[in-house]
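Structure, as structure tokens:
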Amino acid sequence: MQIFVKTLTGKTITLEVEPSDTIENVKAKIQDKEGIPPDQQRLIFAGKQLEDGRTLSDYNIQKESTLHLVLRLRGGMQIFVKTLTGKTITLEVEPSDTIENVKAKIQDKEGIPPDQQRLIFAGKQLEDGRTLSDYNIQKESTLHLVLRLRGGMQIFVKTLTGKTITLEVEPSDTIENVKAKIQDKEGIPPDQQRLIFAGKQLEDGRTLSDYNIQKESTLHLVLRLRGGMQIFVKTLTGKTITLEVEPSDTIENVKAKIQDKEGIPPDQQRLIFAGKQLEDGRTLSDYNIQKESTLHLVLRLRGGY
């Protein structure tokens, strides 16, 4: 059968092949036609880098399929992968390698199946289809390898419309990862998602285990209104603080924002609006607090009542 190989210069090469040809054979044919040594060739099909030992039929490459040929930079670069046991593995990679390729290299060295590997860089879990250069991973960068527990666990996410979404997660998944999974399923951008568990809004950088979220726990998904609103908080010293909030923010969330701005621990804050002391578990909309409302902040004396 015939297949096509497209180079980065836009040139298309036609090859005569068999479904049982290995990728290695195909690279040899490209060398015959174009003079490019196989060790400088990387072949991509359907977004995947093809491995030398596999056959065309393994990748479901059929007649008149088009492969993409990327030239491997001589020498590539080294990166390090640190495991939880403290062992450091050195890998030879290219900036254009996908995370999937990196996991395959780790499997070659360490025997760990890719589906049990989670790679972390700069606090972010790396996605299989992305490349090292997408994440700005450069020579001698260190990735962290976390083993994925077989099977993980299921959690539920309930929306305000009453719909319940089931997600496959790991205890070590970050809230950011969970929001990405919700985006995959429901198409809701992470920056419009707020996740609540046990009355608390969950922070992107924390993990499910940080919040003691276990299998079959239910999270609540609240959509963040674009833009939110501003409110003011006036202290006894007369100072006024401006906060960006959502009507669905809890009083607890507001106290956390005040702590971020002013350094006052939430347990020392009492918030008053319309003569009422506000309770942690309630939301701003529960108290009809609207944009540009002013709350009063009274400090709770330590040990007081």
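Just so you know, glycine gets a Cβ as well, placed from its N, Cα and C.
Comparing Ser65, Ser217, Ser293 with the features listed in Swiss-Prot, the residue bearing the annotation phosphoserine is Ser65. Annotated pair Lys124 (ubiquitin cross-link) and Ser141 (phosphoserine), C-alpha to C-alpha distance, rounded: 14 Å. For Lys48 (ubiquitin cross-link), the same-chain residues that are 6 or more apart in sequence and have a Cβ closer than 8 Å to its Cβ are Tyr59, Thr98, Glu100. The two recorded residues, His68 (site 'Essential for function') and Lys87 (ubiquitin cross-link), have Cα atoms 36 Å apart. Here Gly76 (ADP-ribosylglycine) is compared against the recorded sites Lys82, Lys87, Lys139, and the shortest C-alpha distance is to Lys139. Just so you know, the Cβ of Lys103 (ubiquitin cross-link) picks up 22 other Cβ atoms within 10 Å once every protein chain is counted. Mean model confidence for the domain 'Ubiquitin-like 2' (77-152) is a pLDDT of 85. Distance between Cα atoms for Arg54 (site 'Interacts with activating enzyme') and Ser141 (phosphoserine): 30 Å, as a whole number.
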